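So that you can see what the record holds, here are the features copied from TrEMBL:
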DOMAIN    32-151  domain 'R13L1/DRL21-like LRR repeat region'
REPEAT    164-198  repeat 'PPR'
REPEAT    199-233  repeat 'PPR'
REPEAT    234-268  repeat 'PPR'
REPEAT    269-303  repeat 'PPR'
DOMAIN    289-405  domain 'PROP1-like PPR'
REPEAT    304-338  repeat 'PPR'
REPEAT    339-373  repeat 'PPR'
REPEAT    374-408  repeat 'PPR'
REPEAT    409-443  repeat 'PPR'
REPEAT    444-478  repeat 'PPR'
Amino acid sequence: MPKGIERLTCLRTLDCFKVCGGGENESKAANLRELKNLDHIGGSLDIRNLRGGGIEDAAEAQLKNKKRLLHLYLFLIEDDNHDHEDENLIEVLQPPSDLERLYIHNYGGIGLPNWMMALTRLQELTISECFNLEVLPPLGRLPNLEWLDLYNSQVRRLDAGFLGAIVYNAYIDGLMKAGNPQRAIDIFLRMKNDGCQPSTDTYTLLINLHGKACQSYMALKLFNEMRSKKCRPDICTYTALVNAFAREGLCEKAEEIFEQMQEDKLEPDVYTYNALMEAYSRAGFPYGAAEIFSLMRHMGCEPDRASYNIMVDAYGRAGLHEDAQAVFNEMKRLGITPTMKSHMLLLCAYSKARNVTKCEEIVNQMSKSGLEPDTFVLNSMMHLYGQLGQFEKMEEVLTAMEKGPYEADISTYNILINIYGRAGFFERMEGIFQSLTTKNLKPDVVTWTSRLGAYSRKKLYRKCLEIFEEMIDAGCHPDGGTAKVLLSACSSEDQIEQVTTVIRTMHKGMEIALPA
């Protein structure tokens, strides 16, 4: 590159700039300081033979003022004697913060320049043949970095927080979707230990995780932690926390968070309103859910299909099947097509009222609408027939399930075991239980507890202990319900003490409610 290029102050394109490395032509060649006034150059700039210029010249280049520069390629010549100077040389060649692509070749430093983390729009970074490079900074914190290529470079370690919140969030989200919540929690803790500050999205993911596990106390703890870290919750965070309380029917806490969100100047959306409605529904306050439904419409937030389903469920849970039907009809009147879930919720409402005729009508209506009843619907009908003592109809449904497209699952047979056990049909119950292995189904804790319950009601203590031992040998761990059923088989203080000791010994931490 000849001298005098510095006078081309209006130059807009300079694809390549080769620095003179000394020799007889040094006085006639341009050096890095001649880039100082070329502030209009943009697009791509390739600087070669970088070690041919001094640190003072590099500082005078003032690359950071080249605001239109998007791609920068820095090539250093091979010279082992000057590796130790590379860090200072690269440090003063700070590019503009809007740089999108950076390529560094044959760099001899052990760490990347400090300005690297200021390149918030950087999309591509290539580190080529940088053999002395030992550590990489937390590049994952660069919000737009999409491509990282470490070609023939021998990086020995990663700086704390190298991955960054965006990468950690994607990892945590993937683990949650794969059904591995404990691993997701472990990665969250590792993220903090690595010095990477969790973002709003990180906390929202973890609050959702604990909410789905019915651990609202943990969800609230994380919410308070993020606020103490000056990490501002958004509408999704608040909705996740309201949902966490909703799942446990803690409507007062859900309402408190809802109000706190409004105090933070965040406008609730349909998902937030739905979460609050769900809280009142699960708490057994359908009219509280109805008030939120009315408030949502009053505030100009249009209810969606999920909103109507929540109201059908709220009334159904409370035994108000006529109100549930009215909401269902209103949904259809507004042109909102009821889904399989809508019909199932209405079915549950009438099933709770033991209105078998209406339930049969709903199942027929589903078929006419092109919604073939699934396993859940057929299980519900089986359970209803069993409760009403209509065993022939119950068995007809079972036969249809075993022959039809929807296979009977373990829940299907749990219903049969429970119904037959309550009716005192022990032989039928045991026949169903023994048939599970031939159907490739493994008894779960509900299966064992239902079987135990049949004998417990007859105070057959010894038989209950035998079944309990079978359960343990099969690798099925009892829960609180199992313990209560086993205790109800006891007819003396000695038996109660024996059962309590056994349960507490093999299943520590399980709370057992002893009968008064």
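Just so you know, glycine gets a Cβ as well, placed from its N, Cα and C.
For the repeat 'PPR' (199-233), the DSSP counts in helix, strand and coil order read 26 helix, 0 strand, 9 coil. Remote same-chain partners of the repeat 'PPR' (374-408), defined as residues 6 or more beyond its termini with a Cβ less than 8 Å from a stretch Cβ, comprise 340, 343-344, 347-348, 351, 354, 356, 359-360, 363, 366, 415-416, 418-419, 423, 439.
Using a Cβ-Cβ cut-off under 8 Å and counting only residues 6 or more beyond its ends in the same chain, the repeat 'PPR' (199-233) has close neighbours at 165-166, 168-169, 172-173, 176, 181, 184-185, 188, 191, 240-241, 243-245, 247-248, 250, 253, 261, 264.
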